[in-house]
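First up is the structure itself, then whatever we jot down about it.
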């Protein structure tokens, strides 16, 4: 039986309206009763995740910023990784040929250059929001990650530009169809989960993980049991064809799967 369960948030544990369903919360509590350690592995900021965690009355480790930070149950930093300052400087100051908006993250919060109210819908239940500033004024040595939000085809063209400019100095991934992230080299949820597992005296074989986007690929591919959401990006399913696909986040599929796993661990699972 798995001893550590890792959950992506948006498109996985959260429902389409970006909140946790009652069945999901109850199932997470059941995992803790079985002494299974929980970790939420997300692109969201730790400041937001602490607020969300505080509403659940659950102990969980936090992997935030797509692996740039790991926090203990007590809120202590177990691991941190920032963008190379030269990479951050290049990304923030270059005039990219794109219509996508740029968003910069550091330990103090989420920063962008203009008001984009539509982006706040994903954070309506936590109240977390961006701060509008001149992005070029942000110190390059304090940046954890940078992301671009916009049309997918536009982001694909932008990824080509970023790859040419940054070469092998950063990790690029799609955390959603409309979000392209620039992360520290070698930084992803999978590498962070390996650090956390080692800290807990576990191996990745002792872990199960759930996800729906390309920023979950390394995590899902490295654990003992990786589960892909039915609403996942097609690229993720294609990249990990050997993994099982469960139901849709709107149907609380993670809870559905885990309830079966807890109650009938030796029987085959069907998402129906």
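Placement of Cβ uses the backbone N, Cα and C atoms for every residue, glycine included.
Residues or ranges marked as active site, nucleophile in Swiss-Prot (evidence: sequence analysis): 8. For 8, 10, 212, the entry in Swiss-Prot reads Mg(2+) binding site, with the evidence type sequence analysis.
Within the same chain, residues at least six positions away from residue 212 (Mg(2+) binding site) with a Cβ under 8 Å of its Cβ are 8, 10, 11, 12, 228, 229, 231, 232, 233, 236, 249. Listed recorded positions: 8, 10; maximum Cβ neighbour count within 10 Å falls on 8. For the Mg(2+) site, the Cβ centre of 8, 10, 212 serves as reference, and the other residues of the chain with Cβ at most 8 Å from it are 9, 11, 12, 13, 14, 42, 211, 213, 216, 229, 249.
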